[in-house]
Each structure stands twice: as C-alpha cells, then as structure tokens.
Amino acid sequence: MPILIVAVGVLILLFLIIKVKLNTFVSLIVVSFLVAIGLGMDINKIVLSIETGIGGQLGHLALVFGLGAMLGRLVSDAGGGYRIAITLIDKFGRKRIQAAVVVASFIIGIALFFEVGLVLLIPIVYAIAKELKMPFLYLGIPMAAALNVTHGFLPPHPAPTAISVAYGAHIGQVLLFGIIIAVPTTVIAGPLFNKFAMKRFPGAYQKHGNLSGLGPRKEFQLDETPGFAISAVTSLFPVIFMAMATIFSLLLSEHSKGKDIIEFIGTPGTAMLISLLLALYTMGYARKISMQEIGRSISESISQIAMMLLIIGGGGAFKQVLIDGGVGDYVADFFRQTNMSPLFVAWTIAAVLRLCLGSATVAALTTAGMAAPLMEAGSVNPALMVLATGAGSVIACHVNDAGFWMVKEFFGLSMKETFQTWTLLTTVLSVTGLGCVLLAGLVM
C-alpha cells in the first residue's frame, strides 16, 4: 500500500536524523532510494527521478536563494536592516510590533512566493527581534504564517491561479473571497497560535535563529546607517518590482509585444537580480564601500547557505520519488467515488496529496483535476472550490516539503521543535481555512 510505504519512509527519515544523527541531506537521499524501491519503481529510473527532484527544486530556488542571500547580506552589512527595525519599533511600539510584521508580511506575500518572501523578510524580522530582545520565533512564526496563507489562497500565486482556471472560477472573485477568508485565517494561525505555542513549547522560543548566510551580526550607530526609505525600498524592491510587473501584465492584452517583456522581468529570478544590482549601488557604491568589501560580503553569503540548498534539494528528491512512484494516482483512485460535499472532498484530497507529495502546488493542481467533475452545475461556487483546495494544499508541512527545512534552518530549530511549531501551525491554518470556506458556502 503506497500510503503505508510513505509513512514508513518518513519514520526512517526521522530515525536517521534524530537518533543516528546522520546528515539531513544524506538521510533524505537514502530514504528517497528506499521509498522508490518500496513503491516498485523501475530500478533504472530511480536515480533519474532523484536527480530530477533535486534539479527541479533547486532550479526554482537556487537562483532566488543565492541572490536573496546576497541582497540580504548587503543590506545587513550596510545597516539597512537595523534602520528598518528601529523605525518600525519607533512607529508601532513594542506592543504592536507583531501586528505590524503580520500586516507587512501579508501584503508582501500577495506578490511573492513563500520562499522568496521568507528570504527577504527573515533578516528584517531578526533585526527587530534582536533590538527588542524578543524571541525570534515570536515575530518569525506569524510572519511565515501570513506568507503561507497568501501562497495557498490568493492569486497571482501559481496554484490558486491555475486551479481557478480548472474550476472555471473568476480570478477577481477568488482574490476577493480569498482575502476575506485569509484575514481571519492569518490571525488565528499567526498571533493566536503563537500565544499557544509559546506556552506549550517554550524551548523553541529560546532559539536565536541561524542566519549564517548573512554572516556575523554587526553593531551600528543609527546616524551612520542608510535612511529608512532607501533601506526599505532596497530590501523590498523585488516585491515592488514583481507587483508592478503583475499589474502591467494583467492590463496588457494577450498579444501585446510588451507583455512577454513585462512577464520576463517580473519573474522572481530576474527581479532578484535587478534588486541585487540596485543594492550594490545603494548599500555599497553610494556609501563609499569598496568593491573588494562588497565582493567579500557576497562570497560569504553564498558559501554559508550551501548546506541549506543541499537539504532543500534533498527534499525535492523525496517529493519527486513519491510523484513518480504513483502515490498521487493512488490517492486519486481512492477518492474517485464519493458522496461528500465537493468543498470537503477538494480539501481532503488536497490535504492527503500534500501529506504524501510535499508540494502544495502539485497537491492543488492534482486535486483540481480530480475534484472538478464532482461539482454539479451551480451546486457550489467555483471560487470556494479554489479556496477549499488551497486550504488543503498547505496542511501539515513536514519533511517532504522545502518550506519545512527552510523554517527549521532559518529559525535554528530541532526536528521536534519544527514539528511542534511549523507543522502544527500549517495544520491549524489549513483547518481554519476550511472552516471559513464551509461557513462561506452556507451563505452563498
């Protein structure tokens, strides 16, 4: 049974990492081989599947991660992150700083992939937490929750956009309903969950994070740092750039010559590269910092995220083995005939696929193809089907998803602490989202 094989594989992975203390990347590759064999994959295709998984994962993330680490390091070394932190503290105060971080993360998350937003915001949140002597996780977990909600629920993110088409839903309606549902979901899974987690898992909130990609933390005099405006614009330029590109792309006609150019420069990799070039000027050249010192910062930022990239690639290998091994097809056949509510079916299928395959996007897209035929004409609002699927696709982030390893490494958590905080948070987020969708379904 494929589900049992996957469960055993996850248990072996946890044993290797927690008990044997084997390197996480090596553990992921070993388990990928074992699960592939258990699923009955052609032995000659196992290596190709693992290579495809690593390449596909890093092909999406390596460029963004690398350029993001460079950008973050340049802003950090120049004191830009410190300036942003101090300004936010002065404007919002200690009591309201968590709310400020959540709102900013939610707005930024609409335009950015979860991984990109995390890379950009982590250094700023770290600086704020350090200045206020707060637990890093106190601000970091609500920030990540807001990013995850927008990733799963709101266009123009790939999964919500693609499944809107599959269900025949109006994108504007999905965005409107999505924001209405995403706001209470973010509050419950972010700040409210944070209060619960701080009491139940205090050890996790004593961790100081692992921002090795940004190098050693420096001390700054405020009057020697860049201004707030230039620091904020430089840090968030990828967000601004991609948001503007998305808007222009929607306004231009499908056959417009400028549409392809706008979409090209609005991709995460291109936007991050342009943002890095801006940072080289605003945080380097304009501040009379030598190119030798700038080059040193860039080199150190890359060398110190190498292992994290390998771990994320290993997670991609595990995910690809599950896909190629037919786990998704097995789940599809299981749910093919059912009399449950289409909204609940869509959420359940997406949740099971997410647990098995890891990728929220793959889970959502696969679910759309399976659940669309279950909708009788006019029986359910297509926009709510999109949101139910999105809610299911973000449940219980664990070892087969890159986001799990990013949160673990950035926040400096143990495996157990990552399950207690991040995996539990994403489960709360998913169930809350489903509840909001079902309530909306009663009145629509």
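Every residue, even glycine, has its Cβ placed from backbone N, Cα and C.
Pulled from Swiss-Prot, these are the features on record:
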type: TRANSMEM; residues: 2-22; note: transmembrane segment
type: TRANSMEM; residues: 24-44; note: transmembrane segment
type: TRANSMEM; residues: 52-72; note: transmembrane segment
type: TRANSMEM; residues: 106-126; note: transmembrane segment
type: TRANSMEM; residues: 134-154; note: transmembrane segment
type: TRANSMEM; residues: 174-194; note: transmembrane segment
type: TRANSMEM; residues: 228-248; note: transmembrane segment
type: TRANSMEM; residues: 261-281; note: transmembrane segment
type: TRANSMEM; residues: 305-325; note: transmembrane segment
type: TRANSMEM; residues: 343-363; note: transmembrane segment
type: TRANSMEM; residues: 377-397; note: transmembrane segment
type: TRANSMEM; residues: 424-444; note: transmembrane segment
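Just going by CB pairs under 8 A, the stretch in 52-72, 228-248, 261-281, 343-363, 424-444 that sits most against the transmembrane segment (134-154) is 424-444. Here the listed stretches are 2-22, 52-72, 174-194, 343-363, 424-444, and the one with the most C-beta pairs under 8 angstroms to the transmembrane segment (305-325) is 52-72.
In this chain, the transmembrane segment (52-72) lies close to the transmembrane segment (261-281): three or more C-beta pairs between them fall below 8 angstroms, excluding pairs fewer than 6 positions apart. Counting Cβ pairs under 8 Å that are 6 or more residues apart, the transmembrane segment (343-363) and the transmembrane segment (24-44) reach fewer than 3 and are not in contact. Here the transmembrane segment (261-281) has Cβ contacts under 8 Å with residues 63-64, 67-68, 70-71, 74-75, 112-113, 116, 234, 237-238, 241-242, 244-246, 248-249, 252, 294 of the same chain, all six or more residues outside its ends.
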